[in-house]
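Right, one structure below, let's go through it.
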């Protein structure tokens, strides 16, 4: 062996700080930035669909949950690629590049100026923005899902066998970095979204809200690559999931091949794999399938849980976010979940569970999960009750076959309106008709006794310009609605000569107003603002966002009891080499849960949102009852004990062979002693032959 070869095989000297490998600090920072990137983008996603792409609530919800489902399906692909082909390090690097490109594409898709050729603040080619968004989301789902099963495991690989305590602490810090990234991003990105930006016109700044997560993903990738020289990189050893799938496939195929009654039945259908696969592997697969069978009802929990980012966020848009000194955006309400997680996990683990144990109550993991599912159902009942209260404050919108209208009189004298020759009412000068909007379910003929204009409105004979995104208004014309931040808004009205008038108005969440500038408006008058007529089209939201906290509390408490316990239960019931299989199965239940949202949202088509909440709660209660029955008949096992038993059975034949060989040697020795006298004359020739053999072996 050359010196060069010896240098190659020398292990790299590991650098430790306070007993921890330096490499893990790069991994923790990488995870924090990646989780900030993912949850930050996801926090504003449904509002981007709703208000930038102009999709309705149902389509926005469907695409949102399709994306989340894809994010939880791709981890299976990432695990297979890492374990069977590239290894964890290369998989993380390559898919992080894909992830980063996706975030950048998403940020570019939100720039309205790219296709806003007429500079009116609205994209003229919405197909371009939709296509870019879908490409970006697909790349993000592939990246975030692909690296999900690799990063934590790669961090665990950095520790030696004697560093069990440090490894355990690392996973706690790793989990903390996930929640810290999630919490900060769901606070910051909605604030960024609320800013105004643009080249030709100022709009909600979705490019910034997506651009900052993209920048954090770039940082995550750079930090991870910088630590490359310090990592302990293990070579791919083959993926156990593929082996499990092959074993199950062979058992099914073999059972189908021997379906005739002439073949004796076996205790378990997996026993049909004994002809090809090791009995220990078959036993391990049986244990995994036993747990996976319990997973069947679990997706329904995630169906409700992940609607925090869709339906509940849309619900918050119809509520008042004024918390006094703090104005909360609808998408910022999602921060309640990570805050409550950080508070509830130690309370539940250190106080609630020990207290239940002292009361001698058998609160098994499966019972805890059942309680968690019931709490999630109660959260949706609370959401339904809140929605009923919100609905009473919302404007009454017409159905699909009806229309609504109000009449605005810009004349200096009252107008009389006749509808179909029967309904007469008067519209005062410079005002609209009193009462609610008039609703018609068929074409009607409307006649005025004088000319009038229909619904800032410029009643002057000259053009005006209004700030805060309203823009120029031609004579006797109407501006588009302009989105204005909640609070006191100041509008500056200017004419062509440069004269101006400042008008201020307190605006509540969700309100809509029409401001009428009458023909008698004198822009140079000190009291010019008093001439402006205010018409309230839609009343401000009156139900406070704080009323969402109870449903968030119930859902988060359910998550702590259900999710944490579920992972703990799965790991305790999984064979030592198949924990990754159950992890993939657990993530798959999340994906299926989001797919259920798509099916129910599209199939149910319920007219009232509160009814949909009740439907989801009812489905979860029904599934919870099924899960409780399945749990009652479940028998807890000790995988280590079963594996040890099979290992002992495998070693017994070898030990038997050793005992038999010892007995044979003993018999040979006895026979040798008994025949010593007869063989004495042969000893010289045997010894000589032995010496010759030794000499030949040394040559």
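Just so you know, glycine gets a Cβ as well, placed from its N, Cα and C.
Database features (TrEMBL):
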{"type": "COMPBIAS", "residues": "651-670", "note": "compositional bias 'Basic and acidic residues'"}
{"type": "COMPBIAS", "residues": "671-684", "note": "compositional bias 'Low complexity'"}
{"type": "COMPBIAS", "residues": "685-699", "note": "compositional bias 'Basic and acidic residues'"}
{"type": "REGION", "residues": "649-699", "note": "region 'Disordered'"}
{"type": "TRANSMEM", "residues": "36-53", "note": "transmembrane segment"}
{"type": "TRANSMEM", "residues": "59-80", "note": "transmembrane segment"}
{"type": "TRANSMEM", "residues": "92-114", "note": "transmembrane segment"}
{"type": "TRANSMEM", "residues": "126-147", "note": "transmembrane segment"}
{"type": "TRANSMEM", "residues": "168-188", "note": "transmembrane segment"}
{"type": "TRANSMEM", "residues": "208-231", "note": "transmembrane segment"}
{"type": "TRANSMEM", "residues": "287-305", "note": "transmembrane segment"}
{"type": "TRANSMEM", "residues": "368-390", "note": "transmembrane segment"}
{"type": "TRANSMEM", "residues": "549-569", "note": "transmembrane segment"}
{"type": "TRANSMEM", "residues": "581-601", "note": "transmembrane segment"}
{"type": "TRANSMEM", "residues": "613-635", "note": "transmembrane segment"}
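Take the transmembrane segment (59-80) and the stretches 92-114, 126-147, 581-601: counting Cβ pairs under 8 Å, 581-601 has the most. By the count of Cβ pairs under 8 Å, the stretch nearest in packing to the transmembrane segment (36-53) among 168-188, 208-231, 549-569, 581-601, 613-635 is 208-231. Under 8 Å from some Cβ of the transmembrane segment (92-114) lie the Cβ atoms of residues 34, 37, 41, 48, 52, 78, 86, 121-123, 128-129, 132-133, 135-144, 146-147, 150-151, 154, 198-201, 203, 206-207, 209-211, 213-214, 217-218, 220-221, 224-225, all in the same chain and six or more residues away from its ends. Among the stretches 208-231, 287-305, 549-569, 581-601, the one making the largest number of Cβ pairs under 8 Å with the transmembrane segment (613-635) is 287-305. For the transmembrane segment (549-569), same-chain residues at least 6 beyond its ends with a Cβ under 8 Å from one of its own Cβ atoms are 291, 298, 301, 304-305, 308, 312, 333, 336-337, 340-341, 344-345, 348, 365-366, 368-369, 371-376, 378-380, 382-383, 386, 586.
When Cβ-Cβ distances below 8 Å are used as the criterion, the transmembrane segment (168-188) is approached by residues 20, 24, 27-29, 31-40, 43, 152, 155-156, 159, 212-213, 331-332, 334-335, 338-339, 341-342 of the same chain, each at least six residues removed from its ends.
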